[in-house]
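Copied over from TrEMBL:
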ACT_SITE  D88  active site, charge relay system
ACT_SITE  H121  active site, charge relay system
ACT_SITE  S298  active site, charge relay system
COMPBIAS  1-11  compositional bias 'Gly residues'
COMPBIAS  16-48  compositional bias 'Pro residues'
DOMAIN    79-346  domain 'Peptidase S8/S53'
REGION    1-54  region 'Disordered'
Amino acid sequence: MACGGSGGGGVNSTPVPTPTPTPPAAQIPEPVATPAPAPTPAPTPAPTPSTNYDTTEYRATVGAVSMNALAAYNRGATGNGIRIGIIDTGIDQQSEEFTGRVSSASQDVAGNTGYDDEDGHGTAVAFTAAGRRNGAGSHGVAFDATVIALRADRPGSCATETASDPDSGCKFGSDAIARGVDAARVAGARVINMSLGGTAMPLQLQNAIARATAAGIVIVISAGNDAAENPDSFAAVATNTAVSRGLVVIAGSVGSGDAISSFSDRAGNAAAYFLTAVGERVRAPDENNTPYLWSGTSFAAPQISGAVALLAQAFPNLSGAQIVDLLFRTARDAGAAGVDGVYGNGVLDITRAFQPVGTMRAAGSDATISAITNATLSAPMGDARSSGLGAVILDGYDRAFAIDLATTIARARPTPMLAGALRMGARQVGMATGDTSVSVTLAPRDGRLDTEPTRLSMAQGQAARAIAGMVTQRLGSSLSFGLGFAQGSGALTAQLAGRRDPAFLIADPRGNGFVSSARGAGAIRQQFGATGVTMAVEDGAILHRIGDPLRRDARFTRMAMTLDRRIGALGLWLSGERLAEQDTVLGASFGSGLGAARATSWFAVGEARLDAGDGWSLGGSWRRGWTTAQVRAGLNGTGLIRTSAFAVDLGKDGIFGGDGFGLRLAQPLRVAAGGLDLALPTLWDYDRRAVAQWTTQRLNLAPDGRELDVEARYARPLWLGTVQTNLYWRRDPGNVQALPDDYGMALRWSLGF
């Protein structure tokens, strides 16, 4: 035998005065900090709301406000097409609150003359779950859902209710309840609400529950109103997993501030199956369409049932077990941290339930997606931005969400220029004998010596060109080779060709736009008359900032062929380079959600330097690149990127004896045009569980900003050494137009011995 009401203590209803005042909006508790995507991807399709759901009527619906149901409504989830079974005292068949939404499968299952409500409890429960939205009073949680009203009260029992006798009133036989469960199952209910209580369920009713859960139907049972440490015995079936299969939810009550209701039974020994929702002062009509403010766990249960309907409509792929698990996982924590003996899993929260949960991936692929960062651009791409990269992603429940991947692209911060140029405490060691030269830089770290690339003084830059970490060897009058460790191939090529380059610190057009660390390099040079040919190869790693979410061990290889020729005082260099990046595109990192792209780049480089006499020199360089990107991680796409860099400089040596001055204007490597063309999933078919539409979209990598560097240098001998001053100014540093100009000065004094 099961008794009516919310179990044990019955139900408390308070008449609403006429005219009915609009209850103040419930205070929405601040969610406990839980990792959540920013911005939040929306379910797909995600129509632009044509209706304002945040109305006075909504604000009077305390349960919807508490669970933050706007997240569902604004995304088109209102319960439409979902059937909610209500096993109770029937429903007011004359009420306009359910017009057109009472299932033809509604029936009496206890021997009454029909399913028209004679008590009011069933109507109020049904309204709380699915009452219409009409701009007046309040509405139900799933206001477009269909109600299967199953009247199960024993004939005549509801007429015996007296206020002085808590045991009087509606009675429900377990056989009638079992028939109601079976009827709801056959009628296609996704969720069955049982705002009932009493003694432990007999086997007949347990078997009906088992048949329903075997069909994947969620069952919500009120906890009881005795303020007991454990839920009512009637609800304890949730703990019998052979029957419940994890699909039975016990509903406890909280107020609008998330505090457990004084009357509500606690989670106790059923904490793993317990969820709370607002069950205090819930506005709903009775059997005569008179609005009351109802309190009891009877009115917490239909809040949860309505939430199940919202999820079932929005995400038709979800099984009943997944819906229950999702509601438990996304509940707001209350009381003791985690699942506890008062609140169980916490307080119902639809906003969290409508956010992606678990690992996200691009629909139709295994490419994982981050809700925060899916790419980190490099300096050549600067402030490049795309108008939008709409895509469909799937979360850990295979629910489809729409996301704009353009909002998850991080821009590279400009690299501090002087930090690497001015390394202190380093010791340069060089040696030359016959046709062999060796140069290395030693820097003490933690009591040991580590190799570091050399920064050149004026004399080193103009004379021996001693470069750290390399060995060069002549093999005759026209052939020479060099090996480098922790040193790039460009330095080897310059050493073998005997180039004389001015020692600028900042304005360098030769870089590839990213910070790298060479592991090793080799070069060989053959002289053919007045023309030299140098072949060089380099292997290294691209360095990323600490904290970069896409930081990885990214390798690269570079090969170059350089032709050099001197025509009197004019030196000419023409190079062709190939740069192969293992996991990056010009130093930019792309997560698998954007194709985990890698690239191969080809560069054409032309350089000239004229010794104009009397210590004057003019120099210039031009660099043009073409990069092709390959998209991986199960996505399709291509990319063609054009880059450019240039520099011009003027120098004068011997202004005042052994000094030297130089001025350079340079543009570091910058993407001139191009990007990645990605085929992204843009429509998901839940029926086929497959992508219904792929759309090719452009990820623009050309920045608005254009970095220009102006640097002046001056060096002269001082106190047995050399003092060198560099002044620089950078416009749009890192090719980011919005950044302020960067300027600085370096003063160095070096002493050789």
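Using the three backbone atoms N, Cα and C, a Cβ is placed for every residue, glycine included.
Counting every protein chain shown, the Cβ of S298 (active site, charge relay system) has 35 other Cβ atoms within 10 Å. Across the structure, D88 (active site, charge relay system) and S298 (active site, charge relay system) place their CA atoms 10 angstrom apart. Cα separation, H121 (active site, charge relay system) to S298 (active site, charge relay system), rounded: 9 Å. Looking only at the domain 'Peptidase S8/S53' (79-346), the predicted model's pLDDT averages out at 96.
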